[in-house]
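> This is the structure, below, for whatever I ask next.
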Amino acid sequence: MRTPQLALLQVFFLVFPDGVRPQPSSSPSGAVPTSLELQRGTDGGTLQSPSEATATRPAVPGLPTVVPTLVTPSAPGNRTVDLFPVLPICVCDLTPGACDINCCCDRDCYLLHPRTVFSFCLPGSVRSSSWVCVDNSVIFRSNSPFPSRVFMDSNGIRQFCVHVNNSNLNYFQKLQKVNATNFQALAAEFGGESFTSTFQTQSPPSFYRAGDPILTYFPKWSVISLLRQPAGVGAGGLCAESNPAGFLESKSTTCTRFFKNLASSCTLDSALNAASYYNFTVLKVPRSMTDPQNMEFQVPVILTSQANAPLLAGNTCQNVVSQVTYEIETNGTFGIQKVSVSLGQTNLTVEPGASLQQHFILRFRAFQQSTAASLTSPRSGNPGYIVGKPLLALTDDISYSMTLLQSQGNGSCSVKRHEVQFGVNAISGCKLRLKKADCSHLQQEIYQTLHGRPRPEYVAIFGNADPAQKGGWTRILNRHCSISAINCTSCCLIPVSLEIQVLWAYVGLLSNPQAHVSGVRFLYQCQSIQDSQQVTEVSLTTLVNFVDITQKPQPPRGQPKMDWKWPFDFFPFKVAFSRGVFSQKCSVSPILILCLLLLGVLNLETM
């Protein structure tokens, strides 16, 4: 006997023949909906197609013909089911207080059925719907609590589809409101243990790692600080003092300083004083922080260039720092072993809005025990030059990159110079402010400005040239201005342009050519000025020109092949044809011979 509770079960009764399975679909795309064959069940709580209600279903083999009686509760009252309800967050509602066209979720449109008004709905303005469809012919009766429809697909087959509430397809959902009434319940469901921070004293690492800030120590004040490498920030490239130098990170930075009152900043600003860049020590390893006064862990900063204190002389601030170059030698986990610094200084004119461009260079290299060992420098190729790598120059067994002039923001010559890149033609220029001096000193100053300090004497033939091996370097040819070319005894001939001509070529195998320098020449162009002329500045130009003189060999060619062939009359059947036209005419025709043979046979038969 059935219990009353079983009568309350709501059944979704589907009859499927063998081998038929429902196919889920996110949307019945391509299917054109027919008239809405959706009917809410009456007291029976079933959804039935009108055409299927009157039709008599034939018996399906293998299935019982007697359908069990389904007892279901009454369906809820009749109400309109909105298959595309308005989203809680309308992403296309861009105009407050006005209706956005084709935005089906815009509440300002006041449309009950926006699909009937708009030609289409913008993406994200309607809920994405998920449908599960099967062939309509296999459905006998449906009392699904979800909305259902019958669609006609592109092949004309009716599909029975059930709309499933799939919240995963709709990403914009209303967040649950949290108030005093439901807070405890939500906290019990979603709450967890809070994280409490515990202060733990960590000992400094035993050695530097790449990128770690470098520690410094000021014995005079017993203060531990960091080695700074000011860098430019913003559109104007203002100097940021807080930029730390990273361990094993060789790089260069440039920044600009502006002074409201250079007369007072000349001697008070530590950034202009050379002593502020070497009056401290560097800690070998980070663990030296625990005992910074131990001289065993301190590395003094060695000054390798002449540096004078800033001095305000009249309207000029002399000996201000314009370039700082640190050379740091490291020895793996043993830390920093040696630190040296070289400074470049210049003079500034005290004027409103004065500025100074500073250049900071930081180089790391492996520590060498032997002082006689040559300084290692980066290669520009191995062995041949690589396009874009620096052109290597040599002066007094010191290898460095050849450079060109570089101008500051106001057009004056900067202490910083452009590197000459192999295979890249370049030109640069600037204005040099001249001091009152005799002609020889003026010429010497301009020559040094054009080719840089020190003056290049040799150029590396290959990119991996060793400074100790003179055979791997070629001497630079110089062509100075001819003094006899001018007919003026009271004139001074000064250089105004330097052209660096580099002849290079590819050598080696065609499959792996190597670029090498064949020769370099410095070509100066000069102009004469009167000694009586008060020239305050002169425009200088430097350019480099690479000329490819590669002579490519002839492409390889194979040996001539023998023309092997049989003689024309090799086959005996062609002997007659190989005797020429005359012999063919004199030969007996095969047809005539055949006729004679037939005539002889006939005569024999008649006898």
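Placement of Cβ uses the backbone N, Cα and C atoms for every residue, glycine included.
From Swiss-Prot, here are the annotated features:
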type	residues	note
SIGNAL	1-22	signal peptide
TOPO_DOM	23-581	topological domain 'Extracellular'
COMPBIAS	45-54	compositional bias 'Polar residues'
CARBOHYD	Asn78	N-linked glycosylation site
CARBOHYD	Asn179	N-linked glycosylation site
CARBOHYD	Asn347	N-linked glycosylation site
TRANSMEM	582-602	transmembrane segment
TOPO_DOM	603-607	topological domain 'Cytoplasmic'
> With Cβ-Cβ distance below 8 Å and at least 6 positions apart along the chain, what are the contacts of Asn347 (N-linked glycosylation site)? List them in sequence order.
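The list for Asn347 (N-linked glycosylation site) reads Thr316, Cys317, Gln318, Asn319, Val320, given in order along the sequence.
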> Around the Cβ of Asn179 (N-linked glycosylation site), how many other Cβ atoms lie within 10 Å? Please give the count over every shown protein chain.
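By my count, 7.
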> In terms of DSSP three-state secondary structure, what is the assignment for Asn347 (N-linked glycosylation site)?
strand
> What residues in the same chain, six or more past the boundaries of the topological domain 'Cytoplasmic' (603-607), come closer than 8 Å to it by Cβ-Cβ distance?
none
> DSSP helix, strand and coil counts for the topological domain 'Cytoplasmic' (603-607)?
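Each residue of the topological domain 'Cytoplasmic' (603-607) counted once, the result is 4 helix, 0 strand, 1 coil.
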